[in-house]
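What TrEMBL records for this protein:
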type	residues	note
DOMAIN	142-269	domain 'EamA'
REGION	293-319	region 'Disordered'
TRANSMEM	35-54	transmembrane segment
TRANSMEM	66-85	transmembrane segment
TRANSMEM	91-111	transmembrane segment
TRANSMEM	118-135	transmembrane segment
TRANSMEM	141-162	transmembrane segment
TRANSMEM	174-195	transmembrane segment
TRANSMEM	201-219	transmembrane segment
């Protein structure tokens, strides 16, 4: 199977999980659903990494500064996912994803150091404007603010992975950051989640945690053995469109023609920013592509010893 197909399958699973998670919001609240998903995902990754996590932490000679950076990274990821869930509870899912994508787009444009590349960010902002249709008066301003907060956290997460990614392989860094994120999100989400939790909801959340991040994480690690990061970043820019389709099929959220045009503009901006960032870096190493937790890890990251990335990009977004 080609790398492009693997990435598209990973993105489809990721946003299928996002759409299904919104169905649990009425019973468990957005914060409670997010905390449970984080907790299950962290548990699964800790089981997956097993003793190798302790070995890697020892071999990396982890310092207090490293632990602090991991804690900060986990805190930012908790904020990102909690804020995104609150946005998704108030906005169409595709709109929430498009707003959140402004974060890594801004980082990619800033890293290019070319004023002309600001056009991609402006194009994405125009797309978000069409998606939110503020002139209609029907869009939740609170939802937009939650989305922008999530975008800011995603931007900080991409920047913050530079140090942690240089110290730990991707799946170990993700296991640590998700564990911290689950702890940070507990005061917000645990009370509501535990109050409404049933065995049926527990099974549903466990399944969603497999859809996001575990299966996409493995698929993307495989895909990045077969394609460059510029190509990956280009495909990743399709996320708002995929999310819109998932929301249409699974939760009956139908975009208006204006919102469909807005989605297209955000996708085009993501594609342009990914390619501009790759040119600025002289090759295949772009920050837009680096939002994947698997972004720079070889296939051995699944099956054996994991070399660290030389430039520290690789723990990206916790899916």
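Note: Cβ is positioned from N, Cα and C throughout, glycine not excepted.
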Legend entry - Within-chain partners of the transmembrane segment (118-135) [C-beta distance under 8 Å, separation at least 6 from its ends]: 91-92, 94-95, 98-99, 101-102, 105-106, 108-109, 144, 256, 258-259, 261-270, 272-273, 276
Legend entry - Surrounding residues of the transmembrane segment (66-85) on its own chain - C-beta under 8 Å, 6+ positions past either end: 21, 25, 30-31, 33-34, 37-38, 60, 96, 100, 146-147, 149-150, 153-154, 156-157, 160-161, 163-164, 167, 173, 176-185, 188-189, 315, 317-318
Inset, instruction - Averaged across the domain 'EamA' (142-269), what pLDDT does the model get? Just tell me the whole number, please. - result: 86
